[in-house]
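Asks: One structure coming up, written as structure tokens, with questions to follow.
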Amino acid sequence: MVESMDMEKQHKRYCIRGKHAAIICAAVAVCSLVVGLGVGLTRSDTNTTTPSTPAPTAGPTTLPPAGRGPCLPSADSNGDWKNFRLPSYVNPVHYDLHLEPDLEQDTYTGTVDIHLEVSKPTRHLWLHIRETFVSAMPRLSMQSEPAARREVAVKGCFEYVSQQYVVVEAAEELPATGPREVYVLTLDFQGFLNGSVVGFYRVIYIEGGVTKKIAATDHEPTDARKSFPCFDEPNKKATYNISITHDDKYGALSNMPPQGAPEQLPGNKQKTSFEQSVPMSTYLVCFAVHQFAHLERTSAQGIPLRIYAQPSQLKTAEYAADTTKVIFDYFEEYFNMNYSITKLDKIAIPDFGTGAMENWGLITYRETNLLYDANQSSSYNKQRVASVIAHELVHQWFGNIVTMDWWDDLWLNEGFASFFEYVGVEKAEPSWGMRDIMIISDVLPVMVDDALLSSHPIIVDVSTPAEITSVGASILRMLEDWMGKDLFRDGCRKYLKDYHFQNAKTANFWASLANVSGLPVADVMDTWTKQMGYPVLDLTVTEANAKLSQKRFLLNPQSDPSQPPSPLGYKWTIPVKWHSVKSDKNMLGIFDKSSTELTVMNYSASVDGLLKVNNDHIGFYRVNHDNLMWNAISEQLLNNHLELDAADRTSYIDDVFALARANVIDYGNALNLTKYLKNETDYIVWERVSSSIAYVRGMLSDKPFYPKFQQLFQDHVKAITTQLGWEDVGTQTERLLRETVLGISCRMGDEASLNEASGIFDQWISGNLSSVAVNLRLLVYRYGMKKSGDAAKWNAMFNKYKETSLAQEKDKLLYGLASVENVELLYKLLEVTKDENVVRSQDLFTVVRYVSLNPLGQDMAWEWTTLNWDYLVNRYTINDRNLGRLLGQITTSYNTELQLWKMEHFFLKTPDAGAGAMPRQQALETVRNNIEWISTNEEEINAWLQNNAL
């Protein structure tokens, strides 16, 4: 699964990352990517821990309320259904699932027959359900091939709400099943299609002036139980026969191809039945009822690859169709394993809570991540579409064929997908340099989150719904480099073959890699997956030698590096690479966790010159130097920065600013290092400069000396902005570079750049310019509105937002609308998010974040969100991941005691955090760190600017 991405140039925070996400190369918000898991989360079915969620007080009554069904809520906890985890002795092997949605009434009905193997006697069967309810008394039978089914008496049923179970009680104890025997549990159920965008839900959209509807699913991690009663844990794999009855003006899709033509039924209805699926986890089950059209390509092995979208948008699916074929064929070859089913569909959902979801055979996408219009979409949009396509395709092998046994190993799904998305796009778009893009999009951004005390290990115990996190990809990048690409590929192939259609744990993957390579993979990698954080290596250089020592890196210098306790003592076994600039030697060593230091062999400062440790930032760690060495690095960059490649220059920039933020070195070292930037022309370097200085900019923007900081970077960026200009031409990378450096120039208040943006904006908004160049739109919309926007121009842009159908353009326009310097218009924008006919449900969080980035809107975003908290919880639920992250996202620049008090007070007043439990901890830690940062660094930076900036 890919998390949602709004704002152009915002680095992706996939549904799995932390160190572990970064560490693997996945997405960025790993630590803060808490997945709101609905239940089922203890590691053992024998755990008897009582859940913290209050149990309902009312027990079952004789007569159920009208329309609610027979299985009433009960507080009866006298059985193992009080546990988070399902019992290991009951396992589904097959589902016959039929659904009948009514898109006019926003409801649906269904029936499911679940074939169960039971390995020990039991009188109770329980499975997951949420919001949907059982509408008739459950039925139970025993099927013994070749005999007919035999009815088994059912005594009753009830819902155990705190664990989201429906419990079925048989009249007598059920014996264990024997060979070729299964129990068949039949449940009729009803559900609602309106509400949050998880489970089975409907979306209203307008095409060609006509209001239409689509119903689709989103089930990861624990929302299949909202669609239909099921055993909603990843290791409860089963096959599925799915059928859907629907109005004949709609079509239906599911994981598998249809079984022939739809069956015609009375009342303008059709029944579409689908072939039996491969064994899969509940979170991968998918179905949709739609009025879309499709494009088709065919894989090298003859698999039809279809893209479904609104007919009016179908032309924007051409790039996705072409890219899918290239990457799909490549992954079949790379993994040496054919795709498992006979078709692959993708569908662009107009309102979709996450970025995309890897449902087997039917991948669902937010429109921004699948549709690309060369005349309306930016270069970054194109890169994003290709990346998400690759990410979801990898899941068809890693995650779908081999699935993590439990959510604590979720990184086995998301880490792989986040790493291999770059590998896949590199095949489709070889000129883009995606291996380098990985550094700035995944590895470095996630190192911020993973340097917090509120981080977590890649492998994390999961015992409550809100603890499922995303982890994953930078350690895979490091691991591939250490093993070598061929051995790493062979290890991945062996893992997929050994656990085909099964569940696996991290130890299984390490064993497959060790088997093909002979390397102590588990010994090394356990130090990265079983403890949080990452190290900083201190490099000490003399004429005779160079030595490295390691310690845990934390952003807050006041934090206790031994907390929380780690079984490994926060020591890592590190594959360390280094490069000597003068003698051009490359070396590799292993820094064992039990060693106090590592000596760089065969190094002489006079002979070998500057020593770059962690070249290409291939390792998930930082490197620190003494002041003399930082000065030498600055001099090297000033004299000839091209003797270091772009990845190394990017690494130096990120390390020096991170080390200064953590008070490990002075900010003078960081600012001195930027002096060479007048000569820098590489995209990945400037992109990381933009990110690295963003924190300092956010902390100092209200200080009297801030104009000197702005002027410093106006001067740094002047040469490259003058060279590139405002004409949207060049290669993919040149266009990305232009947008990045012009963005720095505008943010730093350069009058020439702001006037250019404002001039283009005024021509466009007045109708004298038909459209703004696609890679300049975000800048023009944002800074044009900021500099010259008034109510009339704002309303004109708002009308353009309502009129456009391309989701990527809507996102840019929202950013522009949120940039106006008018509090009444900002409030109007926030309030209009309550109207789903104007702002999609998925985009409310985008609007609030964009408003918070406006200096006038920073406090307004907080006040609006907290005043509307009950409304937001009712609309999205407390376990919604986007809602859970929102408060942390809009407070990243808070740096006063008053702002901290407001946050603490609100969190005390609303203790049920749901999916926001970890993001709240991280938000408070971030703001406390910000306050400490101001007191420590403000005067030092002021002094440096007085002495060095004009």
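Note: Cβ is positioned from N, Cα and C throughout, glycine not excepted.
From TrEMBL, for reference:
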type     : residues                                 : note
ACT_SITE : E392                                     : active site, proton acceptor
BINDING  : E220, G355, A356, M357, E358, N359, R881 : substrate binding site
BINDING  : H391, H395, E414                         : Zn(2+) binding site
COMPBIAS : 48-70                                    : compositional bias 'Low complexity'
DOMAIN   : 319-528                                  : domain 'Peptidase M1 membrane alanine aminopeptidase'
DOMAIN   : 610-929                                  : domain 'ERAP1-like C-terminal'
REGION   : 44-70                                    : region 'Disordered'
TRANSMEM : 21-41                                    : transmembrane segment
Asks: Roughly how many angstrom lie between the C-alpha atoms of A356 (substrate binding site) and the residue listed as 'active site, proton acceptor'?
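Replies: Cα-Cα, rounded: 7 Å.
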Asks: Relative to the Cβ position of R881 (substrate binding site), how many further Cβ atoms are located within 10 Å?
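Replies: So the Cβ neighbour count for R881 (substrate binding site) comes to 31.
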Asks: Cβ neighbours within 10 Å, counted over all protein chains: which one of the recorded positions A356, E392, E414 has the most?
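Replies: Compared across A356, E392, E414, the most Cβ atoms within 10 Å surround E414.
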Asks: Filter the binding-site residues E220, N359, R881 down to the ones within 10 angstroms of E392 (active site, proton acceptor), Cα to Cα, kept in sequence order.
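Replies: Of E220, N359, R881, within range: N359.
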Asks: Based on the record's binding annotation for substrate (E220, G355, A356, M357, E358, N359, R881), what whole-number value in Å is the widest Cα to Cα distance?
Replies: 19
Asks: Compute the C-alpha separation of N359 (substrate binding site) from H395 (Zn(2+) binding site), stating it in Å without decimals.
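Replies: It is 9 Å, counting Cα to Cα.
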Asks: If one measures from the C-alpha of R881 (substrate binding site) to the C-alpha of E414 (Zn(2+) binding site), what distance in angstrom results, rounded to a whole number?
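Replies: Distance between the two Cα atoms comes out at 16 Å.
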Asks: If we check Cα distances from G355 (substrate binding site), which of the binding-site residues H391, H395, E414 wins as closest?
Replies: H391
Asks: Including all protein chains shown, what's the count of other C-beta atoms within 10 A of the C-beta of E358 (substrate binding site)?
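Replies: 26, counting other Cβ atoms within 10 Å of E358 (substrate binding site).
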Asks: Counting across all protein chains shown, how many other Cβ atoms sit within 10 Å of the Cβ of N359 (substrate binding site)?
Replies: 31
Asks: Can you tell me the CA-to-CA distance separating H391 (Zn(2+) binding site) and E358 (substrate binding site), as a whole number of Å?
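Replies: Rounded to a whole number, the Cα-Cα distance is 9 Å.
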Asks: Per DSSP, to which secondary structure element type does E358 (substrate binding site) belong, with helix, strand and coil as the options?
Replies: coil
Asks: Sort out for me which one of H391, H395 has the most neighbouring CB atoms within 10 A, since those are the binding-site residues we care about.
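Replies: The residue with the densest Cβ neighbourhood is H391.
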